[in-house]
Amino acid sequence: MSLRCPILLTLLLHIPVSGSFKLHLSQGKAPGSGEPPLANLSLGAAAVGWRCRLDERRTPEPLRGCLEVGARSGQLRQTGPLDCSRLPANPLPLHLRYRAAEPPRLLSVRARLAVHVHGPGCRPRGRGPAGRLDVDVRLAGPAAGRRSLLDVWDFVPAALRPPGALCSRLNGSGLPLLHPGGVLWAGGECPGRAAGPPAEAQLLCAPPPGRPGGALLIRVRLAEDRAVAGRPPRAKRSTNRSPQFELPSYQVSVPENEPADTRVIALSARDLDEGDAGRLEYTMESLFDSRSTDYFRMDPDSGAVTTTQQLDRETKDTHVFKITAYDNGTPRRMATAILTVTVSDANDHVPLFELSEYREIIRENVEVGYELLTIRAIDSDAPSNANMLYRIVNHNENNSVFEIDTRSGIVRTKGVIDREVVAEYHLIVEANDQGKDPGPLSATATVYITVEDENDNFPQFSEKRYIVQVPENIAVNTKILQVKATDRDKGNNAVIHYSIVSGNIRGQFYIDSVNGNIDIINPLDYESTREYTLRIKAQDGGRPPLINSTGLVMIQVIDVNDNVPIFVSTPFQATVLENVAIGYSIIHIQAIDADSGNNARLEYRLVDAPPDFPLVISNNTGWITVAVELDREMTELYAFGVEARDNGIPSMTSSASISITVLDVNDNNPTFTESVYYLRLNEDAPVGSSLLTVTAIDRDVNSVVTYQISSGNTRNRFAMTSQSGGGLITLAMALDYKQERQYVLTVTASDGTRLDTVQVYINVTDANTHRPIFQSSHYTVSINEDKPVSTTVVVISASDEDTGENARITYIMEDNFPQFKINPDTGTIITRMELDYEDQASYTLAITARDNGIPQKSAITYVEILVNDANDNNPQFVRDLYQGTVFEDVPSSTSVLQISATDRDSGPNGRVFYTFHGGDDGDGDFYIEPSSGIIRTGRKLDRENVPVYNLKVFAVDKGNPPLKASVNVQITVLDVNDNAPAFQEDEFDIYIEENSPVGSSVARITAADPDEGTNAQIMYQIVEGNNPEVFQLDMFTGDLIALTDLDYETKTEYVIVVQATSAPLVNRATIHVRLLDKNDNAPVLRNFEIIFNNYVTNKSNSFPSGVIGKIPAYDPDVSDRLFYTFVEGNELNLLILDQNTGHLKLSQDLDNNRPLEASLKISVTVLAELTEKLFNEDGYEADATCVGQFYFPATVYRVALI
């Protein structure tokens, strides 16, 4: 038999995205003449009469303006440069369309390529489109009387055909593969009818092994074209057709700061209806942000969109609207599109520094290259207008010790910082954004840098040596001199304390530790000490202090005439024989004067002497001699006075009385009563004390014996007078045990002519006459704070010029410092407990040295103990946890937060720097400034990759060994809309049941957006394939709603393109909506006859025993399985029926020559087996199968044998 049936053949070619459907272009590259085409997309020699063009409705505007394709050649060329800043996404889809010229409905080919743009500032945004090639083949002419062969390679672009590809059939029904080269059987008779399923086949075509090229998966579907077959088309549901926009979404860019009423875009929808049904009205509704409504308005008639006020990109850079076009027909129809308005940037914002002014403190003497701080300026403009460069404007001579990194803004030292040279710096830093429209803008900030003093300068005395002359009678507590030292440092480092290191042997002087005034605190005595040399120490207040002990003060004591002459004895008595010669020396009058020089040079003269006095006195020596012969009978006794006068100014005098008796001549020697005299005398015996009386006896009558010391009177310590018949020895000058401990005096007794001598032994015993003297009046020692208890700090030593108990010294610590104790015998100061520099850095102990004489004498000294810092304190952070936030799109080196730690130690031990070393820097996403503790971004962040960073930072001191402390820092990355929505796949299938109620939700299509909050709000729309409108997609939920009856038997699959928008980012997916067949059609079985001739031949086995036919029943439901049974009329089993297949065989009982006609009734039952995919509670797939039976009334069939 033969049929005349037109057929519709569709080829779908699925080509991997990694294959030839990617096109790579460079930003800003202007095409040149004679350049080769980007690609040859012609269909080759088989495509005679084809026309190729860009699908302008689907291709984005930036590509439409710079690419063209040859209508006949299929060559793709670039006609203009590309600008990444104007691209809504990267990559972009490029849609191409091929159509055959004759016949007009013969063939159509659609292709989509993924275009990737590369260059500075071009980065991938969103997943982008997948390349795809669809080939629709429509055979409009009749195919009767001949068999049709179809070569699929005739409809694949030549550049994409794998060389020598061989095809294999995967699955399908109908359309057999006749040749592995890609030839299909596509004609001869209608393989399917209007109620039957389409024929289809899937082919996998790939080049032979070892040859280049990718594999293609080709699906071929063949169905009847009812319109060509002359069947009437389906009735329209409504005479009013819906309007349609040319594109499902529009993107336009508007410069900021343009005046109100600036034209943005004119949107136009098309309605093929006439009259009011074709007249459109436009409305505009903001999506995601209601503020957008305040900036734009739309003309309801023309669809023109204009601004209502100036736009500010920095306030809002993207506005998304839902545009609706309503017609005025009945019922009223509408169409929607999405309008995304991007506000382009103008350089209208000056850079803004993080701080209006910066104030930093830097230590002097830091190393060259030390990073002081980072200056950052931000600019709200787009990156092209916010490319910041930094420089120091006032880079004069002083400021030349600093430099700034032009890109990062890090200020470093490039010279030596010396506070004593420059104490403050004022840097003016400029940030220039390098903008080009209308030009670069800049701003300045002032950096005030204060140099922190280090104790690096010793105190310096104003003079190398101070000399002062002081009269010995100066009043106590009188200032005699001020020493002055200066220190170039600052603050405590320049506060100077003065002390006397040595030379203050008797404690006569006191120096004010603050102002350096030297006062007399004990009387001076020139006669005791004529000159003092003091060594002065100047110590600053630094930690540790610096000391200059080179100050010398020479104090010269000037003698004053403050001592009157003192006669060694008064009255003086002597005797003289009357017959002595003139010039005979009778007695030596002696006076002493403790002063010196002229103040101690004495002159003697007689007073109260009558005229013609026979005696004279030597003016210088004091000897009284005979000037005129004596005559006892005339004058027996002479009584007169002697005056001693010094030569001081004014002079001082003293007088003594003298009596001289004139004796007769005698002949007996005076004789001492003792052969020798012994005397023990304390050295502190007062001058003038009577020590011993010696007596000599002269047997002469009226003899007068006089006594005098003739030898052994060292230093004239003693004097002797004759009185009451004896000789009295008195102390004339103070004794000194250290100088002479024994005197042997020879005393002479004379009666004028005769004499006798005797020795007097005077032993001087030590008295506690000396106070202890310290080796230094001020001790300065240092000790490390980490020394153990009982460590010796210093040994204090004092000496005493006395002897014995008078020189045995006991040391006492006057103040109660629990940290120290002193050994009372040795003067060793040791620690009693651990020292802590951070609690107290220095101690001043008053140490008293006391002898054990009676009375006790003492001296005091001061011991300054400086505690040296040891690195015994770890840095300590101000907080236990630091938290900060930062947007994911901030540029590198953006400041996030600042941490701070302190260290109780001093100097390098207390200097802290910050580091991620050994901690966690988020895999390099952050870095920290070592000096300031500011944490900055190290690179571009991605919240979708890491939403929260848990960092670990160390604060490390510069001690040896260094100590450190850690702190946790939590940084939350704030979201920006930088991710396009993403479907699970670029192309996928969904299955829905036919006959789903109109208006019901038949599926939910969802995309995921890694962003969060409003940035993750997704809007869905169908942008392709929904013509006529079969489905409606809920804009916000993604629910797919059926608008018409869905009939599997009419159409089994719908292909739609769904767009997910998170303005301004979009993504698309191709969705194959496949209908699941339901058993909604009864089996069809009409009455039929089986007529066959039964004849007898001589041949054996001539009776047909095989299948003679099949019951002509069918069911439009492709999933139904028919079950055949005889209801009545076949009681004799004349026919054998296969219940499953419906095949008929003849019974052997019919193998005779008898005519027979019988009526049989057959029942056809449908076993509908439906399988649904379910999800159990654990989320795993499970199959559930149900079997239903549908019974239909029996049909009578007639069987006749002829």
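For all residues, glycine too, the Cβ spot is worked out from N, Cα and C.
Automatic prediction, not curation, is the source of TrEMBL annotations.
If you check TrEMBL, you get these features:
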type   : residues : note
SIGNAL : 1-20     : signal peptide
DOMAIN : 246-353  : domain 'Cadherin'
DOMAIN : 354-461  : domain 'Cadherin'
DOMAIN : 462-567  : domain 'Cadherin'
DOMAIN : 568-672  : domain 'Cadherin'
DOMAIN : 673-774  : domain 'Cadherin'
DOMAIN : 775-877  : domain 'Cadherin'
DOMAIN : 878-983  : domain 'Cadherin'
DOMAIN : 984-1085 : domain 'Cadherin'
Region pair the domain 'Cadherin' (462-567) / the domain 'Cadherin' (775-877), three or more CB pairs under 8 Å: yes
DSSP helix/strand/coil residue counts for the domain 'Cadherin' (775-877): 3 helix, 48 strand, 52 coil
Mean per-residue pLDDT computed across the domain 'Cadherin' (462-567): 89
Recorded stretches the domain 'Cadherin' (354-461) and the domain 'Cadherin' (673-774) touching, at least 3 CB pairs under 8 Å: no
Within the domain 'Cadherin' (878-983), residues counted as helix, strand or coil by DSSP: 4 helix, 51 strand, 51 coil
Counts by DSSP class (helix H/G/I, strand E/B, coil) across the domain 'Cadherin' (673-774): 3 helix, 55 strand, 44 coil
Summary of DSSP states over the domain 'Cadherin' (568-672), given as helix, strand and coil counts: 3 helix, 48 strand, 54 coil
